[in-house]
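Residues or ranges marked as Zn(2+) binding site by Swiss-Prot: H172, C176, C178, C181. Here Swiss-Prot flags 769-778 as compositional bias 'Low complexity'. Marked as repeat 'ANK 1' by Swiss-Prot on the basis of similarity to another entry: 30-60. Under the heading repeat 'ANK 3', Swiss-Prot lists 98-124, citing similarity to another entry as support. Marked as repeat 'ANK 4' by Swiss-Prot: 141-170. The topological domain 'Cytoplasmic' annotation in Swiss-Prot covers 1-325, 420-433, 498-512, 625-974 and is backed by similarity to another entry. Summarising the annotation, Swiss-Prot assigns topological domain 'Extracellular' to 385-404, 455-476, 536-603 and lists similarity to another entry as the type of evidence. Positions annotated as transmembrane segment by Swiss-Prot, on the basis of similarity to another entry: 364-384, 405-419, 434-454, 477-497, 513-535, 604-624.
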Amino acid sequence: MAQLYYKKVNYSPYRDRIPLQIVRAETELSAEEKAFLNAVEKGDYATVKQALQEAEIYYNVNINCMDPLGRSALLIAIENENLEIMELLLNHSVYVGDALLYAIRKEVVGAVELLLSYRKPSGEKQVPTLMMDTQFSEFTPDITPIMLAAHTNNYEIIKLLVQKRVTIPRPHQIRCNCVECVSSSEVDSLRHSRSRLNIYKALASPSLIALSSEDPILTAFRLGWELKELSKVENEFKAEYEELSQQCKLFAKDLLDQARSSRELEIILNHRDDHSEELDPQKYHDLAKLKVAIKYHQKEFVAQPNCQQLLATLWYDGFPGWRRKHWVVKLLTCMTIGFLFPMLSIAYLISPRSNLGLFIKKPFIKFICHTASYLTFLFMLLLASQHIVRTDLHVQGPPPTVVEWMILPWVLGFIWGEIKEMWDGGFTEYIHDWWNLMDFAMNSLYLATISLKIVAYVKYNGSRPREEWEMWHPTLIAEALFAISNILSSLRLISLFTANSHLGPLQISLGRMLLDILKFLFIYCLVLLAFANGLNQLYFYYETRAIDEPNNCKGIRCEKQNNAFSTLFETLQSLFWSVFGLLNLYVTNVKARHEFTEFVGATMFGTYNVISLVVLLNMLIAMMNNSYQLIADHADIEWKFARTKLWMSYFDEGGTLPPPFNIIPSPKSFLYLGNWFNNTFCPKRDPDGRRRRHNLRSFTERHADSLIQNQHYQEVIRNLVKRYVAAMIRNSKTNEGLTEENFKELKQDISSFRYEVLDLLGNRKQPRRSLSTSSTELSQRDDTNDGSGGARAKSKSVSFNLGCKKKACHGPPLIRTMPRASGAQGKSKAESSSKRSFMGPSLKKLGLLFSKFNGHMSEPSSEPMYTISDGIVQQHYMWQDIRYSQMEKGKAEACSQSEINLSEVELGEVRGAAQSSECPLTCSSSLHCASSICSSNSKLLDSSEDVFETWGEACDLLMHKWGDGQEEQVTTRL
């Protein structure tokens, strides 16, 4: 390893060490820039403002500098939610860059408002984008503010951006092959996929859908379905797209949760999209929205309790309190209606609008009648299989029996019902239901059976022993197909289990297991074909004839199995039945003494059994267990969705009569047929004006009804959205709890409040100078208290340099002594003192006042020290804690006993580069002088004449208490 760093390892003194260094070093910040960013971090408004002002004059600070984390001052202010410093930085034209995106990600609403209202000043020089490190940006180029806000799902920020009329790129179709999609995918496929994912992630935001969509429920339906289909195409991001699809489904369900009355629920579920092609625009109150939800597989929406409550009310219409009745009463009621279904059907045929005719149209009654009709059909199939009517078994073309004649109307009724369903719903919707495919297979088998029986009846008239019939005799094939159709007819009854809460989940689990079996069969057939081909190739040469076998029997069905692998078909059968243990091992033996061939054959046969039984069969069991567990975890939702589909099939108009009564033409059917024939072949001579008026009237009525329905729907949606947003914000605040961000905000608030208090006490901010006492009165009070000290203060002056351009303040130490104040002075001295600068006595009073506030009131024997630049009271023995222990004790005592005369202070540059070693230098630059209460003496010197007037009385009181018994000593260093 050391050879990677040194060429000559043997002669290296550090050959047993690996040297480390920073290979990707970044530009280090200067002390001023570090102090500037530190002030922004702590919320020190005054220091930040001073640094910005100095940067405009001296260019000693890069206001767009970044810390090691890549955060500029503006981003730090956004992270700390310090809007005052943000506004200050924006007023000084800092580089904004991705600040808006950063504020959106941090969900700082105030910062977003401030940045949206920010306008770059005209004529100002802005930092060009190319000068910034674009590769270090945390956001990809395709991310826009509205997309990022939608990703965070912050309702307030999304609302602010939508009010600015922002836009989102419209995603192309899933399998779009346009020039733009093809070229984008070829240039950078990762960026193309990521960009599509970011767009859909933004579009799937519940807050964005609630704000910008006229029909948020329908938008969630379509978007969820599109995302589900997209997950099948974009396999790399399948989990992300499925999560977004589930998010859309939950949003639609949560929106429906906010419905508070049956009226609102009916308006939502009966609303129809005018642009929808799959629904008839002439029908109203047909649960159109619920049909769309079923079409898009919105299981959560359909299984929502409010929706199920309305469906149950419609389903049990005419049977109030049905669920509260005893199960015996329910059973007797259903059996009674079931036995009466022929009479109810005949009553409907004769008079559809009578009481009995309207009674059978109720969904629950219709369901019972159809179930009773199907059970009757199964009973007749049972009678047909038992051969109650005896016939000659050796007749090649037997005529139909009485039971078969009774079965025929039911078969025709089933076929007619399937034709009507395919005509009403369309072929695509018809084949999407697996039960329809099963019905199609069952009806096809019945038709084939009837056709073959007719052929046998016409072609074969004689009687012949059945053992002598050929293998493909029509009667034999018809009997086989009829047996298969009987099995399918009996299994079709499982679909009715969905109506029961106990059998429904089991029926759904069975359907999922069938899918697992199909997946398993695909792999199993591949293994079966592979071993069948190998074994057939090995044993093909050892095939024997039937006459050479016992009892002239050849194959695995013989008493002694033989020739199990002689042909490919026989090999496939043998391997299949071996899974169930029905094949013996001696089938791998051959009559010749070819032991190697027998060994290879037995090994291949054993390997097949290990793979099929141990591996594949256990894999199938695991898959079926997983499918059952998946249904069991969501049993309630899956069952309610399946039950709703069953109920909806009986809510629709049509299909009222069960088989076989549905094939009987009703008077209503004759009326409809007559009207169609009359309008088609015998049109009446009607003036064009009358026809146009009729069309205009009907169009106006439909349009008015549509407008009224849409207005009611929009009112309900508006209320639902308001309730949803309120609940979302309330839940987010409840679930959030105390996080690390809350403690950071609290820390920042405390820090900002601290500096605000310091500014208030130190009067560092210009806007807060609202004082009442005049400077003349303050000077008079000061001269009165100072006594003869004021005369000495006239000859002394101190200069402060505000613009320290280097890291250390250059200039000699300004240390002076000031005796204790004596008695009151005369009027002339007061007048002369009022003409002087007010800052000297005021600063002296403030120094004493701050020391009093800080709790550093020293005992008479101690000698306290005060540094105005730091505002921290320090004892002389504390110098060792701040790395000045090397100072001599005598110099330290001299420094502690020295005083400064602050009667006259002038603004200007401190001339001279010599620096004193007697007193420690407390600050290295103007940015580092804001560490405590009086953080910046330069800020104090910038104050106007009225700054210190409000502190006059408090300072006088402290001066009297302080002056009794000890000498005032103040030490300052700049």
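Glycine too: its Cβ is placed from the backbone N, Cα and C atoms.
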Summarise the model confidence on the repeat 'ANK 1' (30-60) as a single mean pLDDT, whole number.
-> 90
Which residues, same chain and not among H172, C176, C178, C181, have a CB within 8 angstroms of the centroid of the CB atoms at the recorded Zn(2+) site?
-> Q173, N177, E180, V182
Cβ neighbours within the same chain of C178 (Zn(2+) binding site) - under 8 Å, at least six residues apart = H172
Is C181 (Zn(2+) binding site) helix, strand or coil when read with DSSP?
-> helix
Cβ proximity for C181 (Zn(2+) binding site), under 8 A, sequence spacing 6+, ordered by residue number, returns H172, H192
Under 8 Å Cβ-Cβ from the topological domain 'Cytoplasmic' (420-433), and at least six residues away from its ends along the same chain, one finds 278, 295, 652, 654-655
Candidates H172, C176 (binding-site residues); min other-Cβ count within 10 Å returns C176
Folded-back contacts onto the topological domain 'Extracellular' (385-404), same chain, C-beta under 8 angstroms, at least six residues removed | 453, 456-466, 469, 473-475, 486
Cβ contacts under 8 Å made by the topological domain 'Cytoplasmic' (498-512) with residues that lie 6+ beyond its boundaries = 367, 434, 627-628, 630-632, 635, 638-639, 642-643, 645-646
Its residues classified by DSSP, the topological domain 'Extracellular' (536-603) shows 37 helix, 0 strand, 31 coil
Residues outside the topological domain 'Extracellular' (455-476) whose C-beta sits under 8 Å from one of its C-beta atoms, at least 6 past its ends, are 392-399
